[in-house]
Amino acid sequence: MSTNSDNDKIFQEVQKFVKNYDLNKDGSVTSFDIYRSFLKKMDGDIFKASQAAGVLCSTVDMDHDGKFTYQEIAKYCADEAKKNVEQNAEIAALADVEAMLLRFDKDKDKKLTKTEFVEYFKGNGHTPYSDRDQVLKIIDLDKDGCVSANELQEWFKKRRIDYARMVSARGPNC
């Protein structure tokens, strides 16, 4: 379910896209507008402008009618946001792991035992699954009964990427 914040961000990205490429300020964007915008940004280099416009147009204009609808631009913006999340998922997951270990790894061995892991769920006030053991089994890839920093990082990274895919697949909710 998208939030007003999600819709506001997508709307802002669409507005930014239109502002950047709608040179004649008629409120719509066509493939010619894209080309002219790139031509201006690339100091009149016809070849580079044509190439860049072709790539962007083939990416955004899904029905190939030469015009960009709100849905097409919003999907493009959502896909770009997803790419950014995927590119940053590794770094963000590492920060998540460090914060989690700092708070719950009582013996500072860079692993969470079942007892330490259960503390995480108690602190959150809920469990995404009915059985905490099931969650531990999902994250504990080497099945040693503990969750290592690497296993946590993979789990956090996967959750971030899955979320980005879900947001992108959902598209705008207007």
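Heads up, the Cβ atoms here are built off N, Cα and C, so glycines get one too.
Taken from Swiss-Prot as is:
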DOMAIN    9-44  domain 'EF-hand 1'
BINDING   ASP22, ASN24, ASP26, SER28, ASP33  Ca(2+) 1 binding site
DOMAIN    60-83  domain 'EF-hand 2'
DOMAIN    92-127  domain 'EF-hand 3'
BINDING   ASP105, ASP107, ASP109, LYS111, GLU116  Ca(2+) 2 binding site
DOMAIN    133-162  domain 'EF-hand 4'
BINDING   ASP140, ASP142, ASP144, CYS146, GLU151  Ca(2+) 3 binding site
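Everything Swiss-Prot records as a feature, shown here on the structure.
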residue: ASP22; record: Ca(2+) 1 binding site; Cβ contacts under 8 Å, 6 or more apart: SER28, VAL29, ASP33
residue: ASP26; record: Ca(2+) 1 binding site; Cβ contacts under 8 Å, 6 or more apart: none
residue: ASP105; record: Ca(2+) 2 binding site; Cβ contacts under 8 Å, 6 or more apart: LYS111, LEU112, GLU116
residue: ASP107; record: Ca(2+) 2 binding site; Cβ contacts under 8 Å, 6 or more apart: none
residue: ASP109; record: Ca(2+) 2 binding site; Cβ contacts under 8 Å, 6 or more apart: none
residue: ASP140; record: Ca(2+) 3 binding site; Cβ contacts under 8 Å, 6 or more apart: CYS146, VAL147, GLU151
residue: ASP142; record: Ca(2+) 3 binding site; Cβ contacts under 8 Å, 6 or more apart: SER148, GLU151
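In this model, the domain 'EF-hand 4' (133-162) carries an average pLDDT of 85. The binding-site residues examined here are ASP33, GLU116, ASP144, GLU151; by Cβ neighbour count within 10 Å, the least packed of them is ASP144. ASN24 (Ca(2+) 1 binding site) and ASP144 (Ca(2+) 3 binding site) have their C-alpha atoms 63 Å apart, to the nearest angstrom. When the neighbouring Cβ atoms lying within 10 Å are counted for each of the binding-site residues (ASN24, SER28), the highest count belongs to SER28. Annotation note: GLU116 (Ca(2+) 2 binding site) sits in a helical segment as assigned by DSSP. DSSP assignment over the domain 'EF-hand 3' (92-127) gives 24 helix, 2 strand, 10 coil. A Cβ distance under 8 Å defines the sequence-distant neighbours of the domain 'EF-hand 1' (9-44), meaning residues of its chain 6+ beyond its ends; these are 50, 52-53, 56-57, 61, 66-68, 70, 73-74, 76-78, 80-81, 172. Its Cβ placed at the centre, CYS146 (Ca(2+) 3 binding site) has 18 other Cβ atoms within 10 Å. Cβ atoms within 8 Å of the centroid of the Cβ atoms of ASP140, ASP142, ASP144, CYS146, GLU151 (the Ca(2+) 3 site) belong to the same-chain residues LYS111, ILE139, LEU141, LYS143, GLY145, VAL147, SER148, site residues excluded. Note on LYS111 (Ca(2+) 2 binding site): other Cβ atoms within 10 Å of its Cβ, all shown chains, come to 20. Note: the Ca(2+) 1 site is recorded as ASP22, ASN24, ASP26, SER28, ASP33; in the same chain, VAL18, TYR21, LEU23, LYS25, GLY27, VAL29, THR30 also have Cβ atoms within 8 Å of that site's Cβ centroid.
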